[in-house]
Structures are given as structure tokens and as C-alpha cells.
Amino acid sequence: LTGLHILAIAFALEVSVGKTNTVTALNNSNVLLPCTFTTCIGFQDLVFKWYFNTTELVADPAPLPLQIYHGKIKTKATEPTLVWNNPRVEFVGSTTKKENNISIVLNGVEFSDAGKYTCHVKNPKERNAQHNATIILTVVHKMVETDNTVTLIIVGVVGGLIGLLILFMLIKRVVLFIIKKTQDGKKECLVSSSGNDNTENGLAGSKAEQKAPPKA
């Protein structure tokens, strides 16, 4: 049973609207609503639909404005065919290329078009497996540019602090190296000076203490 479960997951139909599920459009512009699907075992007589402000499946013919696009795809070798669409909706995808792209464009966007758009796919080849993904459309009067000034300032300050820390560590290592060298030099001088004093003062081990051997 576990093996069958893993196999089912591997063959599962998946629908995606991209890395982000939000889109912002300017009033009276055209906006792309992206959607792609994947299936490991291929597809045949696949059906895809776009819904507005509902994630529930709607029986055909769907009441407006719930369903805005309805398409079918015979096989991977054929492009989708239109079954029904809202006059303002245009299909711009392709399923004969690498990606199974079933994206649409909504023309002449109005404020009333803001809401949830759900891309739904049904694949009879996978025992009528179904999956969907939703994208949220926001319509604005004017596009507002994002002010990244604060972010840039923060990044600059952090970068500067890191640079100062690295500089401090380098200076510290140089100073410690110089101190060590200086201390090593002083030790050598003390050892040398101590040896010379012993020789001059006739201390033990010096030349002054060496006695001539007794004469026979």
C-alpha cells in the first residue's frame, strides 16, 4: 500500500500560478494571469477553466462572471481549443512547448475586476484527477514605486560596521605581532648582556677563574 501511495503522489496532477500568488494591475490596463500544470504520465482530453471569485467547481454552462474561460486540450501535440470565454479574456499560453502553459490575459482591467482568479485543471488520463491554484488581483489607480532608501541605509550601515570590525581585527593582529617581536628582541639582549657580565666579573664559568695547570 505504501508503494502505491508513493506512486500516486509521483503521478499527481499539479497546478501552479508561479512563485507569488498576487498580481497588481493599473486601472484600464491589460494584466497577465499566469498558470501552468504538470503531470508525470501525460494528458488526454484535458479540461481547464478559469473562475472569478470562486474556488468551487461550477457546472457548465457556468453563470457569469464566475467562469471566464473554458478550454480543452486533446494531447500534448495539440494546442488548446476554446470552448467558451469572456470577450475580455485572451488565451496566451501554449501546451506543445516545454511548459504546459494555460495563462490568460484580462484586457481593460477595471476596479471591479479585483479579486481571486482560480485556474482549474482536470485530467481524464489520471482517472479524472483535478487540481487548482488561485491568484489574487489588485487593481490600483496609480502604480507606487517602492522606496528602498531605508533598506539601502540599513545595508550600508551594516556593511560599514562589518568593514570596521575587519579593519580592527587586522590592526589588532599587526599590533600583537609587533609587540611579540619587540619582546623577543629584549629577551635576546638580556641573555647576551648576562653572558658578557659573567665573563668580565670573573664569575663561575668565566675565563678569569681558569687556573693554569700545576707545573710538574
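Placement of Cβ uses the backbone N, Cα and C atoms for every residue, glycine included.
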| Candidate ranges 101-129, 188-216 [criterion: TrEMBL lists as region 'Disordered'] | 188-216
| note | In this predicted model, the domain 'Ig-like' (13-136) has a mean pLDDT of 92
